[in-house]
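Among the features that Swiss-Prot reports, methionine sulfoxide is placed at MET109, MET193, with the record citing similarity to another entry. According to Swiss-Prot, the repeat '1' annotation covers 67-88. Per Swiss-Prot, repeat '6' is recorded for 166-187. The annotation repeat '7' is assigned in Swiss-Prot to 188-207. The repeat '9' annotation in Swiss-Prot covers 230-240. The feature signal peptide is assigned by Swiss-Prot to 1-18, with sequence analysis given as support.
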Amino acid sequence: MKAVVLAVAVLFLTGSQARHFWQRDEPQTSWDRVKDFATMYVDVIQESGKDYVAQLDASTLGKQLNLNLLENWDTLSSAFSKLREQLGHVSQEFWDTFEKDTAWLREEMNKDLEKVKKKVQPFLDSFQEKMQEEVKRYRHKVEPLSLELRDGAHQQLKELQEKLGPLGKDLKDHALVHMDELRSHLRTYTEEMGQILAERLGAIKESTSLAEYQTKASEHLRTFSKKAKPILEDLRQGLLPVAENFKTNIKNTFDQITKHVTTQ
């Protein structure tokens with residue numbers, strides 16, 4: 001269980017919260033990401049499954065067995081859509097409680113991130129300024145060459161390209177130097193952030209908060225399982241008529257084949 005909690009901590013650090021921290025966009029909750037992916041996946045499965053069922057029904061085997069699977073497909077799709085909706089509410093409730101219980105952990109880690117960001121920001125600003133200066137210097141050197149191209153003849157194009165080559169290489173070389181400088185500065189703070197994270201997780205492992213959360217997590221899982229059980233039972237009951245219809249069609253077809261064989 002401790003490993004689960006530590007993994008969750010890293011998830012929140014490197015997932016939507018960290019993305020929001022660096023990119024400053026609106027964070028998407030972990031549950032929203034899971035739900036969006038699951039919805040997309042199920043929709044694709046339903047659509048492709050319906051096409052496959054239609055092909056199977058139209059096949060010689062499907063006609064001989066009188067499967068009529070396509071007639072039951074809407075029933076199946078409706079049952080699974082209902083299951084997804086009902087489990088969605090239960091899962092959302094579970095996830096909301098989980099995020100509430102781990103808010104203290106995310107808050108502490110965000111504080112650590114903010115400290116590191118303040119140290120790193122000057123280097124990012126400096127890198128941006130240097131790159132702007134390099135681009136400005138490059139444009140200043142290229143501008144006279146552009147005038148030559150505009151005023152010169154077509155045969156001068158090759159000469160212009162030869163002049164632009166070294167300038168482009170010069171800009172690239174300077175950019176790489178600045179990137180190396182930035183990478184060197186950031187490496188120190190990346191290691192510092194890793195050490196802070198390790199210390200933070202170590203402190204959490206030794207604190208009573210972890211034991212309390214283990215108890216809460218177990219309670220949440222039991223509650224989720226209890227609420228999901230009747231929903232899954234409803235799905236099973238809803239699929240019974242489809243299964244019985246399928247079994248009946250198979251049995252009738254088998255009886256007809258047996259009768260045909262014995263009469264010959």
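Every residue, even glycine, has its Cβ placed from backbone N, Cα and C.
Listed by sequence, the residues of this chain that lie at least six past the ends of the repeat '6' (166-187) yet keep a Cβ under 8 A from its Cβ atoms are 120, 123-124, 127, 130-131, 134-135, 138, 141-142. According to DSSP, the secondary structure content of the repeat '6' (166-187) in residues is 22 helix, 0 strand, 0 coil. Between MET193 (methionine sulfoxide) and MET109 (methionine sulfoxide), the C-alpha separation comes to 10 Å.
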